[in-house]
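Novice: Handing you a structure now.
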Amino acid sequence: MEVSWETSVTDSINTIYLLFSAYLVFVMQLGFAMLCAGSVRAKNAMNIMLTNVVDAVVGSLSYFLFGFAFAYGGGSDSNPFIGTYYFALNNIPSTSYDYSFFLYQWAFAIAVAGITSGSIAERTQFSAYLVFSFFLTGFVYPVVAHWVWSSNGWLNPGSTSLLFGSGSIDFAGSGVVHLVGGIAGLWGALIEGPRVGRFDAFGKPVQMRGHNATLVVLGTFLLWFGWFGFNPGSFNKILVSYPDSFDQGNWTAVGRTAVTTTLAGSTAGIVTLFGRRLLVGHWDALDVCNGVLGGFVAITSGCSVVEPWAAIVCGFFAACVLIGLNIIALKLQYDDPLEAAQLHGGCGAWGLIFTGLFAKEEFVIETYNTGSLGITRPYGLLLGGGWGLIGAQVVEVVVILAWVSTTMGPLFYFLHKLRILRISSDEEIAGLDISSHGGYAYNAHHEESGPRLYGEYLRLQDQS
């Protein structure tokens with residue numbers, strides 16, 4: 001059957017939109033690299049940048065071979081738990097998916113590993129990154145993606161059998177991406193323990209600030225830029241019109257989603273700015289950057305289904321969650337150099353709950369039923385939408401916590417028992433750059449005295 005030129009043009013524009021969104025999401029990998037590099041000490045900058053590269057290259061292979069199939073493979077024996085088709089992109093393109101969709105989803109998958117890397121920075125053996133990155137992007141994350149985003153998934157809000165009559169709304173992945181990455185990082189950091197010198201003999205925290213605020217700010221703006229592919233791009237198609245309006249379609253929802261994303265991040269940033277000012281007595285640029293990112297993480301779930309004013313509420317409480325969890329983490333002597341578990345895990349969980357409270361029915365129908373007339377759906381509890389949606393959101397939080405804990409927790413513990421997870425104290429004090437990567441990221445760094453070249457480091461090891 002010959003395809004009309006109108007259909008060809010529509011498909012072409014939608015593909016261009018999806019590919020452009022994929023490129024934006026991939027730029028976030030650079031943002032993660034810069035944010036991480038600036039947030040660690042100079043003697044570990046080379047290591048953390050290399051791990052971000054590894055997350056991309058290892059994640060590419062694992063997601064190609066297994067991940068995409070586990071996430072979206074809905075063959076004749078499809079089930080609501082895990083996909084079983086499209087391994088190594090066999091039979092792609094299909095009537096359901098094409099290469100551009102794979103590329104977009106791959107960019108999401110490698111972001112998960114980048115989140116986890118931050119939690120265990122400055123004290124982890126490089127070989128451990130290779131193992132957990134492959135496992136996380138190839139299996140753990142794709143299973144959750146299948147639950148929520150595959151048409152066969154048991155949590156999917158567009159499936160034929162809706163949980164609580166609603167399904168879980170996690171539009172761009174507050175839970176699927178950020179909560180998964182945050183909980184994985186939490187287990188890694190707990191099993192490894194804090195960095196040498198992070199807490200004194202009395203259990204009080206010793207400040208270990210990142211070495212380059214410029215890189216942190218650069219990384220934050222790169223992530224902000226990439227989030228416009230992460231959230232609005234999750235519509236996948238932009239040329240989809242709504243039947244009850246001649247001038248509205250996905251293109252209007254895409255614009256609204258970009259606005260809610262911006263407002264949530266900005267609100268969280270300003271609340272963190274003043275909140276930390278009250279707590280520590282000065283204006284801290286690095287804290288504000290994390291606050292902005294916390295707002296983005298939280299709004300990612302409901303960005304397409306809430307009003308702009310609700311996004312401000314989301315950002316306000318996301319900042320409170322982040323500040324509160326950071327205080328608790330220090331009380332418990334939990335060490336996460338990038339605050340990744342608190343930021344992505346805590347704010348991701350809040351984002352799912354927020355969606356269950358503030359999702360607007362009109363926007364839910366636009367997002368998941370292309371604005372079809374005569375349809376009713378559960379929506380935000382505080383807007384009168386009943387308990388169906390909030391119930392599904394809570395279920396998603398609980399099952400992600402359980403799934404990631406039962407998969408990544410044992411993996412990190414196994415690596416720990418094999419003694420391939422954490423580096424030695426001597427290597428950590430010298431810095432991963434010199435002990436594992438042959439030299440520092442910079443020609444000169446004055447952070448502390450120590451060997452300047454890898455050969456010097458080896459000679460000191462022989463003498464000790």
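Placement of Cβ uses the backbone N, Cα and C atoms for every residue, glycine included.
So TrEMBL lists these for the protein:
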- 18-442: domain 'Ammonium transporter AmtB-like' (DOMAIN)
- 16-37: transmembrane segment (TRANSMEM)
- 49-72: transmembrane segment (TRANSMEM)
- 103-121: transmembrane segment (TRANSMEM)
- 128-149: transmembrane segment (TRANSMEM)
- 169-191: transmembrane segment (TRANSMEM)
- 212-230: transmembrane segment (TRANSMEM)
- 309-329: transmembrane segment (TRANSMEM)
- 341-359: transmembrane segment (TRANSMEM)
- 387-415: transmembrane segment (TRANSMEM)
Novice: Could you tell me what the rest of the chain brings near the transmembrane segment (16-37), counting residues at least six beyond its ends with Cβ under 8 Å?
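Specialist: Residues 45, 48-49, 51-53, 55-56, 100-101, 103-104, 106-108, 110-111, 114-115, 117-118, 121, 212, 215-216, 218-230, 232-234, 236-239, 289, 338, 441.
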Novice: If I count Cβ-Cβ pairs under 8 A between the transmembrane segment (103-121) and each of 128-149, 169-191, 309-329, 387-415, which range comes out on top?
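Specialist: Maximum Cβ contact count belongs to 169-191.
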Novice: Do at least three C-beta pairs under 8 angstroms join the transmembrane segment (387-415) to the transmembrane segment (169-191), pairs 6 or more apart in sequence?
Specialist: yes
Novice: Which residues, given as numbers and ranges, are at least 6 beyond the ends of the transmembrane segment (128-149) yet have a Cβ under 8 Å from it?
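Specialist: Sequence-remote neighbours of the transmembrane segment (128-149) are 51, 54-55, 58-59, 61-63, 65-72, 80-83, 105, 108-110, 112-113, 116-117, 120, 155-156, 168, 170, 175-177, 180-181, 184, 188, 396, 399-400, 403-404, 407-408, 411-412, 415, 420-421.
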Novice: Could you tell me what the rest of the chain brings near the transmembrane segment (212-230), counting residues at least six beyond its ends with Cβ under 8 Å?
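Specialist: For the transmembrane segment (212-230), the sequence-distant neighbours (Cβ-Cβ under 8 Å, at least 6 residues beyond its ends) are 20-28, 30-39, 42, 45, 107-108, 172-173, 258, 261, 265, 285-286, 289, 292-293, 296, 300.
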